[in-house]
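According to TrEMBL, the protein carries these features:
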- 119-292: domain 'Peptidase M48' (DOMAIN)
- 41-65: transmembrane segment (TRANSMEM)
- 77-97: transmembrane segment (TRANSMEM)
- 193-215: transmembrane segment (TRANSMEM)
- 235-258: transmembrane segment (TRANSMEM)
Amino acid sequence: MPDRPSKPKTRAERIQQEISAYPGTITFRDLIRKNKRQSTLLIVFMLLLGAAVGAALGALAGAYAGGGDLPSLLPSVILGAIAAFLVGGLGAMWSWFSGSNAILRMMGAIELQKADDPEFFNVVDEMRIAAGLPMPRIYLINDSALNAFATGRDPEHGVVAVTRGLREKLTRDQLQAVIAHEMAHIRHYDIRFAMLMATMVGLIVFACDAFWRIAFYSRMGGGRRSSRGSQGGGAAIIVIFVLALLLAILAPLLARFIQMAYSREREYLADAGAVELTRNPEALASALAAIAGDDEPLVEVANRGTAHMFIANPLK
């Protein structure tokens, strides 16, 4: 019988094995093109999803206002879809120009200057030179958990944020490996995709929550308006309520699915990029082991919409 390939014994060996598993034809230009294409598709999906939810909200509002049958609800459906499409477009524009700053404010991150931490700035500068990138802005999250993330719409607007715990508890080599991992995300344009995804998940949850609340209050007032509708109108309202219930149940699952779409491949390729920049897989392996061994969550600054941006799950 042929010998089976041996399993990697250490985390460093596992990382090396994952890196060697990728085809040699993959280049950073390929990754950048892929991520730009996926970002465009994500914006299109955001707009279409917003239009669908807006159409449902319009139908619900039309039924609550006394619409009897489905044809009479059509103007409300069209108006709701158009309004939501415009809101989705504004959301995409806001994410493009202000999304990263909003995320940093939400997390309470503080921008650092070189005088605040010269050693850390030197580590970041070394890795951005190795990656051929502009110097990113550097932020500190005042939390003892071990975590980090990168954001921004492109390398010229890149941001690297680390927690106080990561800065204080890792060695210089480990910290360098983590920063190299985040630089790889910036170089691959993963940051744009992640930022748009965070905005989209937030819009999905907000829209579905609004849909459920409107459905609930319209149901509370349904008894007073029942005399204005026919049996067909009542049936339409029942259908809309069922859709609202399904949407409220499926919204968290959909948000989770979208986060999972930010695939493990991106993390593995960022690991590969970090090893390329540092030439030190052991440092990356030990840093990831230290982060994985930290059981302190970041629940005060992270949520399900932004969890996918971090190097490790902040909600563990």
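Note: Cβ is positioned from N, Cα and C throughout, glycine not excepted.
What TrEMBL says about a protein is an automatic prediction, not a curated fact.
Only residues 6 or more beyond the boundaries of the transmembrane segment (77-97), in the same chain, are considered here, and those with a CB under 8 A from a CB of the stretch are 43, 46-47, 49-59, 61-62, 153, 195-196, 198-200, 203, 207. Mean pLDDT of the predicted structure over the domain 'Peptidase M48' (119-292): 82.
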